[in-house]
Amino acid sequence: MRKGLFLSKAVVVTCVVAAIGAAATIIALSVVYAQEKSKNEMTLQSTDSPTTSPTSPTTPSTPKEPWQRYRLPESLAPISYNVTLWPRLEPDADNLFIFTGHSTVVFRCVKETELLLIHSNKLILTSFEGYFAKLRGLSGAAAPSLKDTWLEIPTQYLVVQLNSPLQAGSTYELYTEFVGELADDLGGFYRSEYIEDGMTRVVATTQMQPTDARKAFPCFDEPAMKAVFHMTLIHPHETVALSNSMNYDPVNITMNGHNLIRTSFEPTEIMSTYLLAFVVSDFKFISMPPNADIRIWARRKAIEEGQGAYALEKTGSILAFFEDYYNSSYPLTKSDQIALPDFSAGAMENWGLITYRETALLYNPGVSSNGDKEWVAIVISHELAHMWFGNLVTTRWWNDLWLNEGFATYVSYLGANFAEPTWNMKDLIVLNQIIGVMSVDALASSHPLSSKEEDVLTPEHISELFDTITYSKVWPQLKHDKYCIICLQTYLEEFKYNNTVYTDLWKHLQMAVEKANIKLPHSVEVIMNRWILQMGFPVVTINTQTGEITQKHFLLDPDSVVDRPSEFNYEWFVPITWIKNVGDEQQYWLLKKEATNTNMTLVGANDWLVANMNTKGFYRVNYDSDNWERLLAKLSSRHLDIPVINRAQLIDDAFNLARAKMVSTTLALRTTKFLDKELEYMPWETAKRNMNYFYLMFDRSEVYGPMQAYWKKQVTPLFNHFKEITVNWTKIPENHNDQYNQVNAISMACSTGVEGCEALTTGWFKEWQDNPANNTISPNLKYTVYCSAIAAGGEKEWDFAWSMFKNATIATEADKLMSALSCTKEPWLLNRYLGYCLDPKKIRKQDATSTIISIASNPIGQPLAWDFIRDKWDHIFNNYGGGSFSFGGLISGLTQRFSYEFEYKQLLQFKEDNAGQFGSAATSLEQALERTKANMNWVALNNKEVFDWFTSEAPIPN
């Protein structure tokens, strides 16, 4: 049989439908633009009479042609852009929201070339005498005549062929006019809508990272192609325009019979296209002397209600912290931060105009929880950290995204800790970042932090990098504050306004190490390469009887096949820290697969050793069985002798080692027995997260009953403790982490049936139902109460919560209700809710995938959500951002409970049926398959042992 391409009927139909839809939009935009051009009075840079032409078909070419490659040639370098955009905030006769604009880019020719490539995506370009652009020489340079122009759709280029070459060293400018759709797709220049005072209001806003600036105007859309931007926005009266730099005085103008405002902005600093931002809205702002250059923008009512006050208060102090930390003044003249009703990510570090989801910037003390408050502080700190590390100095290509994001994640906790010193944020980074990323990085389908540039090319490949490994893995490697701070300061000074690769930072780190006379076993680069150029991390096994230490690549599924080669053979240089019997901390570098350190041997009968102090290193620790028993005995007798972070770490290591078949599952379960005496948040939260895996695997089996009985026994003392210190739930604990643990106590008590818990939560919820205008439920407890009451109730409770969700004016309150609605045990309500997820008038597009994941986390909702997604995948992929940052989370969330053979086969079939239709979720799909296979094996091996252990620890009365 001859080899060829086979497409199933479903795939063909899907492709045809998608193509027709795209063509219809292009034709509609072309017609709209032709109409606009006949009326448009925007000043052009030519007296030619342009005509509009729809997108031309891709010119046939061989794979070797430059326009078929995803990376720009190095022949041209942009200097500046002058961009004017006019977004229409009302639909036209075809019910389309559009924007029109023109752009001039000034560029320098670096290498002689007869080809000009510039990114353009989903824009309809005006044709001038048959060409999509005009070229002019500057400073005496003669511009070659144009030979041909076309749009290369797969690689998103405007291709300009010339009759003679551009000359190296000469400067030119390229002019284009265009129209685009102001769609609600959350990418590029897009539309956000909200309802206020009964009226639908429209915001024109942006999200350029990583590759969507090209959807707003033609540009050299790569991080290294830095330039200065001169922006102008045309917008209606009673709206305000914002961009990266401060605006000049707005000017009243008349265009096409409309009275409008033209707002131009000061030139930006030299910067990358992905950091560009502009917004047109009717928002208000607050500012406060002496930081009048710091402004918090949001919906008018949100500002009037004071929801931006906390962000304003903390932005100034966090900026001051980073100015001191980096030893560098804030690089810009203003800092605008704006909360958007629709936004795909948590926030975006646009230089001078940071965009946020409302939940990441707005805080209402009477309604929002301490977790909401912490999230605002963390996200603001993360984005402000980027103003230097990422914006002032930018990595050359997306393969080094980890350096920008991982570092910002780490220092965001330092900034938040400075702003809120009583919260102990430096410890919470272990829970919020490290524990989560280790579970992903322990898969054979993981990836190294850094890849080769040639391995990260397409927009889909780039979007895949925005994952937990990129954001969370790097911080322990950069945690050596004493000399890291010095190296950052010299690094930023040398490379400001330029681009770098990761080895540039290592050079400065090495300089700081040498200056401080710090002794390392190898150079910084040699040590760090093993952590960033190979995926995963080691498990270090310490034999306290002999002092023998070994390391090996830790895999959650020891039977999985690692097919990604490593030049370092999956060995690391590991900085091991440890204590004995509450003694002084010691350190030892493990530089080989095996070594011996007699200082780690134990002599006394009651001696014990714990390693990786406060989780300073990115590795797991296993011990000989004797030391495990000593540690378990210590936890049972005097658990406070072991530092709190290490108590949490012992639980997390033991459970993960058990999944990897390195210790028994009963040993892992025994690390939770001391919890009936534990009051600290970190050990409880770690145990809760690890036991969540047991619930995912066993909540459909006979293990569920004894497991519930055990956890009811363990959590009852904690529930009673908080009942006592809050004076029967009438006060809020003072300590930040105690507030979190109170939530754990009530949540776990209600879910396991502790006496009095369900009556407590349903009573609070009933009081609210009876008086909807007066919600007296503590903000910290709202989600737990909502979820518990909705789970215990039926249609009446669900419909009440839905009504409150639709009427919520505070984003954090809406988020809690939206998540809690998935807690119902009524299948028909869950199915109805799934349907709501694909109606943007009911659930915003930005929230659709997270809501589906919430429904799937409910054991009753999981099969419903899985069936729903398989049925609607084409629609979801094409309309809800198959290339977006978080799309992979949908696959992960849907499949986390999979542990049966038939589920694995369904997942394989899903992969086959939708080949080529996964975008940024492709990696997540492979991880889901690997995880499902591992779950199947683990359940088969442990089901009886786990059942017997829970039954013996908490027998269920007959």
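One-based numbering along the chain as shown.
In case you wondered, yes, glycine gets a Cβ from its N, Cα and C as well.
Curation plays no part in TrEMBL annotations; they are all automatic predictions.
Lifted from TrEMBL, the feature list:
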- 42-67: region 'Disordered' (REGION)
- 46-62: compositional bias 'Low complexity' (COMPBIAS)
- His382, His386, Glu405: Zn(2+) binding site (BINDING)
- Glu383: active site, proton acceptor (ACT_SITE)
- Tyr471: site 'Transition state stabilizer' (SITE)
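Positions of TrEMBL features highlighted on the structure.
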{"residue": "His382", "record": "Zn(2+) binding site", "Cβ contacts under 8 Å, 6 or more apart": "Ala347, Glu349, Ala408, Thr409, Ser412"}
{"residue": "Glu383", "record": "active site, proton acceptor", "Cβ contacts under 8 Å, 6 or more apart": "Gln337, Ala347, Met348, Glu349, Ile354, Tyr356, Ala408"}
{"residue": "His386", "record": "Zn(2+) binding site", "Cβ contacts under 8 Å, 6 or more apart": "Glu349, Asn404, Ala408"}
{"residue": "Glu405", "record": "Zn(2+) binding site", "Cβ contacts under 8 Å, 6 or more apart": "Gly390, Phe466, Thr470, Tyr471"}
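The Cβ centroid of His382, His386, Glu405 marks the Zn(2+) site; residues of that chain outside this set whose Cβ lies within 8 Å of it are Glu349, Glu383, Ala385, Phe389, Gly390, Asn404, Phe407, Ala408, Thr409, Ser412, Tyr471, given in sequence order. Tyr471 (site 'Transition state stabilizer') counts 22 other C-beta atoms within 10 Å of its own C-beta, drawing on all protein chains shown.
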